[in-house]
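J.: If you scroll down you'll find the structure; I have some questions about it.
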Amino acid sequence: MLADQQPTETSSSGTTAADLGPASGSGSSIHGTHPSSADAASGPSSAEQATALVGQPPLLVTHTWLDRLPQSWVPYAQLMRLDKPIGTWLLAWPCFWSICLAAPPGTLPDLRLLALFGSGAVLLRGAGCTVNDLWDRELDKQVERTRSRPLAAGTVTPLQAVAFLGLQLSAGLAILLQLNPYSQLLGASSLALVATYPLMKRITGWPQAFLGLTFNWGALLGWAAVHGSCDWGVVLPLYASGVCWTLVYDTIYAHQDKADDTKAGIRSTALTFGARTKQYCAGFGAASVGLLALTGHMAGCGGAYYAGVSSAAAHLAWQIGSVDLDSGLDCSRKFVSNTQLGALVCGGILADRLQLLPLLAG
């Protein structure tokens, strides 16, 4: 959530958008290989560039909507990772699952709450990334994928980042105040996790577990926003399922940086699990699916819900079975595909709440 969790887009020539200039954001290298910092700093001469391009296909420069912003705004949008929405989706899905599960059978979920939580996910993810980059600005300079982040690159100063963080938190507070008092207290209690998660990579080999606790708080908060309290028999297994899911997708993602992380002294489950990563991910994936099934049982869900969970289980099995952990590009692709998994679960919940299977059978 709080780290930069989205691969850079790749051109048809195999060059990432990050390779084409610092405005593109952070740049993960193809297949986990990284140029030396000296080479990156000096760059090839014009003659070398001309020689290298002879007989090569033209580069396809990837543009994003950030290019349309005033230039002074771009570093702040990058600080929030607005050009990389996968992290926002992964934060939002547990919220959406919980809100949809809390809807009475035969009714649509509360669309106002879905909109509020979607907006809150953008702001909280942005605030979390800002906190992360403030803590990690020196470490980020040592990792190829992260050295172009605004604080590491010097396009935003720490003081400017702190002021921007205050603006994001103020906007988030305005959203939180739209919820009931129980939800306000529950939501505010997550800020301690948001603030301290970036430290975990320095003190434990399991920072992804702490990320899971932080990123899936919406599984508790969504239900509370609908009912004014939590049905712990439903929301605790949903929350735990999300934590296990996060351990899978963020471990896969962390394999992109394992070489640089080792040099920089950054800890991760990718390094902790090592050659047994797929076995660990299979175990956490099975636990996530089992906990989703328990959630459905406790919430009284029917066949449509379990069809969605089964589809998500197949997706997880595909990810874990096919990922090439030594390919940064493939790890990124598998990571990004998790927004599809979130949609599969949410689709099953919606179909169950709207009782679509009985309607189709009738």
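A Cβ is built for glycine as well, from the same backbone N, Cα and C atoms used for every other residue.
Unlike curated entries, TrEMBL annotations are predicted automatically.
For reference, TrEMBL lists these features for the protein:
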- 1-49: region 'Disordered' (REGION)
- 1-16: compositional bias 'Polar residues' (COMPBIAS)
- 35-47: compositional bias 'Low complexity' (COMPBIAS)
- 86-107: transmembrane segment (TRANSMEM)
- 113-135: transmembrane segment (TRANSMEM)
- 156-176: transmembrane segment (TRANSMEM)
- 209-226: transmembrane segment (TRANSMEM)
- 232-249: transmembrane segment (TRANSMEM)
J.: Can at least 3 Cβ pairs under 8 A be found between the transmembrane segment (113-135) and the transmembrane segment (209-226), with each pair 6 or more apart in sequence?
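T.: Answer yes, regions in contact.
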J.: For the transmembrane segment (209-226), find every same-chain residue at least 6 residues outside the stretch whose CB is under 8 Å from a CB in it, and list them.
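T.: Distal contacts: 1-3, 90-92, 94-99, 101-103, 110, 113, 116-117, 121, 128, 179-180, 182-183, 186-187, 190, 193-194, 196-197, 200, 234-235, 238-239, 241-247, 250, 269.
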J.: Using a Cβ-Cβ cut-off of under 8 Å, list the residues of the same chain that are 6+ residues beyond the ends of the transmembrane segment (232-249) and lie near it.
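T.: That would be 90, 94, 97-98, 101, 208-209, 211-213, 215-217, 219-220, 223, 269, 280-281, 284-285, 287-289, 291-292, 294-295, 298-299, 316, 319-320, 334-335, 338, 341.
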J.: Could you tell me what the rest of the chain brings near the transmembrane segment (86-107), counting residues at least six beyond its ends with Cβ under 8 Å?
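T.: Sequence-distant neighbours of the transmembrane segment (86-107): 1, 4-6, 113-114, 117-118, 120-122, 124-125, 129, 215-223, 225-227, 234-235, 238-239, 242, 246, 249, 295, 299, 301, 335-336, 338-339, 342-343, 345-346, 349-350, 353-355.
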